[in-house]
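Record features, source TrEMBL:
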- Arg101, Glu218, Phe265, Glu266, Gln267, Met268, Glu269, Glu372, Thr373, Ser374, Ile375, Gly376: substrate binding site (BINDING)
- 250-252, 260-265, 332-333, 376-379: ATP binding site (BINDING)
- 154-418: domain 'Aminoacyl-transfer RNA synthetases class-II family profile' (DOMAIN)
Amino acid sequence: MANQEDIFKKVISHAKEYGYVAQSSEIYDGLSAVYDYLQNGAELKKNIREYWWQAMVQLHENIVGIDAAIFMHPTTWKASGHVDAFNDPLIDNKDSKKRYRADVLVEDHVAKIEAKIEKEVAKAAKRFGDAFDEAQFRSTNTRVMDYQEKADTIIKRLARSLEKEDLEDVKNLILELEIVCPVSGSKNWTDVKQFNLMFGTKLGASAESAMDLYLRPETAQGIFVNFLNVQKSGRMKIPFGIAQIGKAFRNEIVARQFIFRMREFEQMEMQFFIRPGTQKEWYESWKETRMKWHLSLGMGEDNYRFHDHEKLAHYADAAADIEFRFPFGFKELEGIHSRTDFDLGSHEKYSGKKLQYFDPELEESYVPYVIETSIGLDRMFLAVLAHSLVDEELDNGSTRTVLKIPAVLAPTKAAVLPLVKKDGLPEIAHQIIDDLRLDFNVTYDDKDAVGRRYRRQDAAGTPFCITVDHQTLEDRTVTLRHRDSMEQKRLPIEELHTAIDREVGMRHWLKKIL
Ligand code: GAP
């Protein structure tokens, strides 16, 4: 079986070969942690965006969407805390001259301990077969318990040191754990320093009058500064939400793992404004709602888990991640944060403008509390792509590579294939396309034998192939082939639209989260 690193490499090369993702400015040897979405990638991204927007904005009467500018007044970032606190602790290895995030070095060390636990569990599961009680094993096996205690102690100490900004202790922890630089193999580390992640730029024509700006590191602040505009113009009553999808920029120190951690990326965020004191219930409710959205895509319940934050961001009183099983392990896909009244309260202070809501039931004004849901579009894209790519062994002993993207998100919904390039079959294929393209993204393919065309569409992630053959000339029926089951069904051309819509139509998928 291929190891995780090989699987991930395959995802990256498949993404390029099938027109999903390539490195930015590749002809100039690329730009680190910046990527371009190609023809299929742009479609998949658009469909994920749409699936999120419809679930959040269209299905919730009390949520509206906005599109704020990337540039914001610089005081925004003072008020939000990003100028002072949006830092990562970095450490350099003096021998390799490589720079790392100190917390990531420690977390990677812990991940290795956790991998040992999983190995012990897998071994025991094999030994005991059906009689295996995993929970009991984890809580009684001394080796597993020792590993777990070790991992927990390290993570707690890291969280405590970061919380207290005790960077000396973070370095001590790295030295005590004997963590070596993956490149030089040495323990010759510098001190740990804080590094601000925001990209700076300038607005204005002349050097004297130019104003220092930042590229936004999150979309959330565009929502907070528009809270009153939306509340008043939309006559919104609390509780209500404002959603937004847009680009964000972070000068990440550790930029690796393909599109998992990028310097330019896209976020899909929603701020839900609530009465102070109700944050616990809404926090739990949004955790559940968001998990339901993920599960509706059918990528396996076992591949998601919640992870409560040990170290809370400067704005939060509770926070959890929805983690997904990526090829390199469980990692954050989405964050759900109870942000209190930090942001609106702070913008009130810095702007001198009241950002309050008059609650007609309570007959009082207050600064609303906020629950935020924040998911990286690119990370969601990676989750979908990595989970969907499978090599399948077929009954006849051959293998096929198939991209089992949830049909609702697939870039192209159907490929129409005339069996031969003559006898009027291409003309019928084009007529079918002309009709279907009013609702679905469909493509035409007449190159190579039909079997090879099926394989090509499987690997590109197209859920349906429609084959036009000589029988079509006689009775106007075609073959509809299903990507995942490879089942083929003969049906009249007039029934194609309904058959495809049943599987790719957004309304059928969205129903699962109602
Ligand atoms: N407004 C809250 C916020 O920005 P975050 O946890 O820093 O919180 C939210 O980011 C989500 O944005 C993450 O769960 C992740 O999916 C995505 N994200 C953050 N940094 C990213 C990066 N450098 N590249 C790609 N996605 C990123």
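Cβ coordinates are placed from backbone N, Cα and C, and glycine is handled just like the others.
Fair warning: this is a prediction, and the values are worked out from it, not measured in the lab.
Sequence features, as recorded in TrEMBL, placed on the structure.
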residue : record                 : Cβ contacts under 8 Å, 6 or more apart
Arg250  : ATP binding site       : Leu197, Met198, Phe199, Pro217, Arg263, Phe265
Glu252  : ATP binding site       : Ala33, Asp88, Leu197, Arg261, Met262, Arg263
Gln267  : substrate binding site : Glu218, Thr219, Ile245, Gly246, Lys247, Ala248, Ser374, Ile375, Gly376, Leu377
Glu269  : substrate binding site : Glu218, Thr219, Ala220, Ile223, Ala243, Gln244, Ile245, Glu372, Thr373, Ser374, Ile375
Leu333  : ATP binding site       : His294, Tyr304, Asp321, Ile322, Glu323, Phe324, Ile375, Gly376, Arg379, Met380, Ala383
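Within 10 Å of the C-beta of Ile375 (substrate binding site) we count 25 further C-beta atoms, all protein chains included. Checking the binding-site residues Arg101, Glu252, Arg263 against ligand 1, the ones with a C-beta less than 6 Å from an atom of that molecule are Glu252. Counting only residues at least six positions away in the same chain, the Cβ atoms of Asp88, Pro89, Leu90, Ile91, Ile253, Val254 sit under 8 Å from the Cβ of Arg101 (substrate binding site). Neighbour density around each Cβ, counted as other Cβ atoms within 10 Å, peaks among the binding-site residues Arg261, Arg263, Arg379 at Arg379.
Among the record's substrate binders, Arg101, Glu218, Phe265, Glu266, Gln267, Met268, Glu269, Glu372, Thr373, Ser374, Ile375, Gly376, no two C-alpha atoms are more than 26 Å apart, and one pair sits at exactly that spread. For the recorded site, Leu377 (ATP binding site), the DSSP three-state label reads helix.
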